[in-house]
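K.L.:
According to TrEMBL:
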- C181, C183, C186, C191: Zn(2+) 1 binding site (BINDING)
- C181, C192, C219, C223: Zn(2+) 2 binding site (BINDING)
- C186, C219, C225, C229: Zn(2+) 3 binding site (BINDING)
- R251, G252, W253, N320, H321, Y362, K390: S-adenosyl-L-methionine binding site (BINDING)
- C323, C389, C391, C396: Zn(2+) 4 binding site (BINDING)
- 37-95: domain 'Chromo' (DOMAIN)
- 179-237: domain 'Pre-SET' (DOMAIN)
- 240-363: domain 'SET' (DOMAIN)
- 385-401: domain 'Post-SET' (DOMAIN)
Amino acid sequence: AWYVPCLASLETLQELCRKENLRCKSIGITNRSLKSYEVEYLCDYKVDEGTEYYLVKWKGWPESSNTWEPLKNLKCPVLLQNFLSDQNEYLSRVKEGKALKVKNHVKALKPAVADYIVKKAKQRIALRRWKEELNRKKNHKAMILVENTVDLEGPPLDFYYINEYKPAPGINVINGITTGCECSDCPAEKCCPKEAGFLLAYNKRKKLKIQPGLPIYECNSYCRCGPDCPNRIVQKGTPYSLCIFRTNNGRGWGVKTLQKIKTNSFVMEYVGEVITSEEAERRGQLYDNQGNTYLFDLDYDSDEFTVDAARYGNVSHFVNHSCDPNLQVFNVFIDNLDLRLPRIALFSTRTIKAGEELTFDYQMKGSIDLTSDSADGLSPSRKRIRTVCKCGAVCCRGYLN
């Protein structure tokens, strides 16, 4: 039987076809294309009789088709630069951080160096494909970038990007709302927040003006107001370009902003699978053994449901904890007014500089004082095994839980 991996890239499908001597016009494998060659990455280096050669991995061809090509034939300056940078990076790490340049008289690379260069090239390709996938699936205009200058870790293998809650069977996250405000210029006296008995959450500059613990009621799909309504913020998605990056202190992936974020600005939603609290307890037992969890209780009004962002989520899946965070959680209601199922939005607690990592407190305390009631309403699921905190904040509590 002949099979291919699910969701394989175009290049992988082409490699499999060429390896099995198959033709497939839909993915560009025809008799004519069998003679087309493009450098995908460089694998190795040697000098033979005074001539420099690079081992070339050809795009869309299996590794068994790799060939040694003289430097003068290669027209890929970026790939050559990547090769040399990866080579120097490996040697620098071997020398405990001391920069080391490759000497001109080297005739061939050691197998360990070549192996690292190939792994780094494959990682670079995998991260680029992942970045493209994330940007295809997102529903907002801002870009998502991916960066790893720390290790050889590639994209997570069991993570699927979603833009909104993914309800488990039997859970309805849309409660069939059929009415909205009649405002022609929100906010008006009978706008959505006031109908719910609360204040409008945003000021004229579309910045948050309510205290933590209070809910946000935005205009919904049945409201008379248009998309430019000042009471439509969270539903538009993150307005900032963000970068998922590999941290250098053992915290795995993190998220940093590529743009300046002003105080009290909406940054992103926390989404995932919506499951029952009973199911959350069962999964929590498994996650404890891994030393991390993405369970977040929806306990604004009750504790019936939990959001699990372990496998399904958005950029917020990668946001790390800090005991001194720059993001704060708020409960949001838009097309679902069920108090058991609020949407979770993260807002900035202060001005955040471009390039700064985004964090929130997994216990929902820290830089903003909460009353005990509001803290109970926002806290994530309690973990059973204490996890050491690596946030590095001056006020670090020592543990995430």
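Placement of Cβ uses the backbone N, Cα and C atoms for every residue, glycine included.
Just so you know, TrEMBL annotations never went through curation; they're auto-generated.
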K.L.:
Rounded to a whole angstrom, what is the C-alpha distance between C396 (Zn(2+) 4 binding site) and G252 (S-adenosyl-L-methionine binding site)?
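P.N.:
C396 (Zn(2+) 4 binding site) to G252 (S-adenosyl-L-methionine binding site), Cα-Cα distance: 18 Å.
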K.L.:
Which chain neighbours of the Zn(2+) 3 site, leaving out C186, C219, C225, C229, have a Cβ atom within 8 Å of the mean position of the site's Cβ atoms?
P.N.:
C181, C183, P187, C191, C192, C223, R224, G226, P230, N231, R232
K.L.:
Work out how many Å separate R251 (S-adenosyl-L-methionine binding site) and C183 (Zn(2+) 1 binding site) at their Cα atoms, rounded off.
P.N.:
47
K.L.:
Using the Cβ center of C181, C192, C219, C223 as the Zn(2+) 2 site position, which other residues in that chain lie within 8 Å, going by their Cβ?
P.N.:
G180, C183, C186, C191, E218, N220, Y222, R224, C225, C229, N231
K.L.:
If you measure from the CA of C229 (Zn(2+) 3 binding site) out to 10 Å, which binding-site residues from the list C186, C191, C219, G252, H321, K390 are inside that radius?
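P.N.:
Hits: C186, C219.
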K.L.:
Which entry in the list of binding-site residues, W253, Y362, has its Cβ near the fewest other Cβ atoms, using 10 Å as the limit?
P.N.:
W253
K.L.:
For the recorded Zn(2+) 4 site, whose residues are C323, C389, C391, C396, find every other residue on that chain with a C-beta no more than 8 angstroms from the centre of their C-beta atoms, and list them by sequence position.
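P.N.:
Close Cβ neighbours, site residues excluded: H321, S322, D324, K390, G392, A393, C395, R397, G398, L400.
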K.L.:
Enumerate same-chain residues with a sequence separation of six or more from H321 (S-adenosyl-L-methionine binding site) and a Cβ-Cβ distance below 8 A; give 'none' if the list is empty.
P.N.:
T359, F360, D361, Y362, C389, C391, L400
K.L.:
Highest CB neighbour count within 10 A among the binding-site residues C186, C192, C391, C396?
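P.N.:
When each Cβ's neighbours within 10 Å are tallied, C192 tops the list.
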